[in-house]
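Everything on this sheet refers to the single structure shown next.
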Amino acid sequence: MSGTVRNRNTTEKVHNEEPKLTEQQKKELADLKKIHPANEFGGIVGTFLLIFILPVVVYWIWASIEFNQGYLLRPATLSVDGVKDFFVTLYNYVITYAYPTKEAAVIYFAWFFFQAFLQHFVPGRRVLGSPLPGGKRLEYTLNGWASWWITLIVIPVCIYFGLFKATILYDNYAPMMTVVNIWSFVFTILLKVHAMIKDEEERMSGHFFYDYWMGFARNPRIGSFDLKLFCEARPGLILWVLMNFSIAAKQFEVYGEVSISVIMVCCFHFWYIADYYYHEEAILTTMDIITEKFGYMLVYGDLAWVPFTYCFQCYYLFKHLVDGQPIHISIGYACFVLGLKAFGFYLFRWVNSQKHAFRRNPEHLIWGKKPDYILTKRGTKLLCSGFWGICRHLNYTGDIILSWAWCLPCQFDSAAPYFYGIYFTTLDLHRCWRDHNACLEKYGDDWKNYCKRVPYVFIPKVF
């Protein structure tokens with residue numbers, strides 16, 4: 001038997017029988033089962049700390065915005081007693097206001113499984129992912145664009161008929177965050193069990209917390225349902241947008257208006273996610289899908305970090321008042337922020353689009369010319385044309401500009417709403433370093449040659 005998989009440009013045949021592996025592919029598969037060093041994210045100690053510190057960081061910024069007008073909470077004195085009092089205060093806020101409730105659990109899991117239902121049953125284009133070690137390519141059904149719009153129709157209809165209030169997500173933000181924190185720990189354990197049962201563990205270090213953080217299997221699936229793609233692309237991303245809208249509804253409920261700043265942030269994030277789903281196929285060529293294993297790092301990032309921290313700008317704009325009123329910005333300042341955002345978005349989208357088009361079709365013209373590339377000894381092509389001939393990661397440059405543009409409507413009274421910009425800049429710098437090391441190990445001299453051809457990373461002639 002064989003199936004037909006279609007994408008915009010090609011029709012590919014998928015056969016059930018396994019193709020004969022080359023020696024290189026056999027080596028790639030054998031390497032996956034070898035013990036790998038625990039040398040990323042600070043190793044054994046670093047990953048252990050990250051697992052338990054990240055939820056505390058989210059609680060800290062939430063408490064700062066909710067209870068301190070958006071100014072970051074900090075110890076009254078730099079002493080043992082001062083630090084102790086700080087953590088006691090934070091703990092009391094969490095226990096009192098963020099304790100998980102039945103209502104919060106029902107809201108979240110109804111949401112989670114609603115998105116799983118859409119992922120599984122909504123029709124979509126079937127495409128092949130990028131080649132994995134051993135040459136295998138997985139089949140994906142891309143229905144994110146349809147699921148996105150179905151969600152954006154269903155939720156307002158439910159609000160209109162009084163099934164729940166528009167402010168439901170804001171009203172249950174803190175207890176729901178704790179529900180998701182707990183679920184992230186449990187879900188990661190389930191991924192470990194799943195990987196062991198199906199013998200899909202790869203690149204394991206033998207250190208529990210390091211492997212718990214980095215992940216176990218690369219592409220865990222239940223039947224045809226891809227768990228990693230689902231968590232990456234569904235519940236967290238759409239919940240982030242809906243969380244913004246819920247906060248905006250709360251601002252309207254309390255103050256009778258939605259400020260320009262909140263409207264801008266909501267529109268920026270809405271556009272970003274809508275664009276993500278419109279170009280959904282591009283996610284199949286990302287590091288998260290191709291390279292990363294699925295563990296706590298991605299689980300917590302997808303399910304908790306994204307929806308509960310990326311909305312901090314809106315949250316801050318609601319809670320931080322100036323003379324008793326929400327922040328108001330001038331039209332001129334709004335236009336400046338909009339222009340910066342548009343530039344960052346253009347850079348981010350079109351740089352990524354060039355890479356995606358090249359990976360799908362290496363003969364695809366770039367800026368009207370046949371693409372220039374380095375053919376590696378492994379058979380992989382390293383693009384040296386278009387944006388990718390100017391810098392190795394101009395897509396990250398665009399993403400960083402976007403991240404700061406999203407923060408600027410909050411103005412400058414506090415560092416709290418700039419958490420996203422600081423975090424994303426750090427993330428992209430670290431990801432660039434990881435990508436460089438991985439490519440150097442994978443391609444050797446070919447990667448060194450590529451770096452000579454394209455010496456700049458983020459900014460031409462500068463860095």
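The backbone N, Cα and C atoms fix where each Cβ goes, and this holds for glycine too.
Note: TrEMBL annotation is automatic and uncurated.
TrEMBL lists 1-20 with the feature region 'Disordered'.
Marked as compositional bias 'Basic and acidic residues' by TrEMBL: 9-20.
Away from its own ends, the transmembrane segment (41-62) comes close to residues 72-73, 90, 93-94, 98, 173-174, 177, 181, 207, 209-210, 212-214, 296-297, 300, 304-305, 308-309, 312, 315, 416, 419 of its chain (Cβ-Cβ under 8 Å, at least six residues beyond either end). Look at TrEMBL and you will find 41-62 (among others) tagged as transmembrane segment.
Here TrEMBL flags 105-122 (among others) as transmembrane segment.
Residues or ranges marked as transmembrane segment in TrEMBL: 142-164 (among others). Sequence-remote contacts of a segment are chain residues at least 6 beyond its ends whose Cβ falls under 8 Å from one of its Cβ atoms, and for the transmembrane segment (142-164) they are 114-115, 118-119, 122-127, 233-234, 238, 242, 273-274, 276-278, 280-281.
Taken from TrEMBL, the feature transmembrane segment covers 176-195 (among others).
Per TrEMBL, the feature transmembrane segment maps to 254-274 (among others).
Residues or ranges marked as transmembrane segment in TrEMBL: 294-318 (among others).
What TrEMBL lists as transmembrane segment is 330-351 (among others).
176-195 is the stretch from 105-122, 176-195, 254-274, 330-351 with the greatest number of Cβ pairs below 8 Å to the transmembrane segment (294-318). Taking every recorded stretch in 105-122, 176-195, 254-274 and counting its Cβ pairs under 8 Å to the transmembrane segment (330-351), the highest total belongs to 254-274. Sequence-distant contacts of the transmembrane segment (105-122) (same chain, six or more residues past either end, CB-CB distance under 8 Å): 143, 146-147, 150-151, 168-169, 172, 176, 179-180, 183, 225, 230, 234-235, 238-239. Non-local neighbours of the transmembrane segment (176-195) in the same chain are 55, 58-59, 62, 94, 98-100, 104-105, 107-108, 169, 201, 212, 215-217, 220, 222, 227, 294-296, 299-300, 303-304, 307-308; each lies 6+ residues outside the stretch with a CB under 8 Å from one of its CB atoms.
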